[in-house]
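Visitor: Residues annotated as Mg(2+) binding site in Swiss-Prot: Glu143, Asp178, Gln204, Glu240. The active site, proton donor/acceptor annotation in Swiss-Prot covers Glu143, Glu240 and rests on similarity to another entry.
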Amino acid sequence: MPKFAANLTMMFNEVPFLDRFEAAAKAGFKYVEFLWPYDYPAQELKAILDKHGLKVVLFNTPAGDVNKGEWGGSAIPGREADSHRDIDLALEYALALGCPNVHIMSAVVPEGASREEYKQTFIKNVRYASDKYKPYGIKIQLEALSPEVKPNYLLKSQFDTLEVVELVDRDNVFVQLDYFHAQNVDGNLARLTDKLNGKFAHVQIASVPDRHEPDEGEINYQYIFDKLDEIGYTGYVGCEYKPRGETVTGLDWFQKYK
């Protein structure tokens, strides 16, 4: 049975971020994920996690200057020092929070820039992260973002991500399989799951096309959950969706998994 993690950046947004941990626990979640923890001291977050009996299972490296169109910086040529700083900061938080996975964000590729140069820069920075994280058993996740959500992102398809994972060639670097993005770009999710089996170590879900609860839209998530059980997937399933209304009202789908 899947181990579901509430995404606290997107869910329970009826209350401030630090109050979402309690809300998730009351709703029956044992695991949480979020995009970025860096606005808060790690020890404060750890105390809140412990208070509510929660485990954080994933967060991202810093996004960079979002106001300038950045969305990650680990693929930007000439910014390797910044990338290493972000990777090191994420490691500090992962160790303090006991988080087993970190998503290393690549970057948006500007019009006219060389995607190959960005890719090679990303590969080098991910190898740096791999060496830093390996002694602690922390897994590195790389994620494709569909063009509808993030135009010109370096990784668009699950196969873009798989290519980078294979070129990095380290045993602690994996595909982060977000079925929302995968359906938008790749489709054929059952066969995709088989093709990526053993290469992905974190899953995220949301309906397509509206990115709501996983009980509507194009994807038959019960089939996907059964497929994950069939292949022996033991990682976490992050609920990275935008609730249709109040978060708790939309959790009927989750009741049988508590």
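Counting begins at 1 with the first residue displayed.
Just so it is clear, glycine is given a Cβ too, placed from its N, Cα and C backbone atoms.
Keep in mind it's a predicted model, so treat the numbers as computed, not measured.
In terms of burial and nearby residues, how do these features look in this structure?
Guide: DSSP assigns Glu143 (Mg(2+) binding site) to coil in the three-state reduction, outside any helix or strand.
Around the Cβ of Glu143 (Mg(2+) binding site), the same chain contributes His103, Met105, Leu155, Thr161, Val175, Gln176, Asp178, His181, Gln204, each under 8 angstroms and 6 or more positions distant in sequence.
Non-local neighbourhood of Glu240 (Mg(2+) binding site): Asn7, Thr9, Met10, Glu33, Asp178, Phe180, Gln204, Ile205, Ala206, each in the same chain, at least six residues away, with C-beta under 8 Å from its C-beta.
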Visitor: Among all protein chains shown, how many Cβ atoms are found within 10 Å of the Cβ of Asp178 (Mg(2+) binding site), not counting that one?
Guide: 26
Visitor: What other residues of this chain sit with their CB within 8 A of the center of the CB atoms of Glu143, Asp178, Gln204, Glu240, the recorded Mg(2+) site?
Guide: Gln176, Leu177, Tyr179, Phe180, His181, His202, Val203, Ile205, Ala206, Gly238
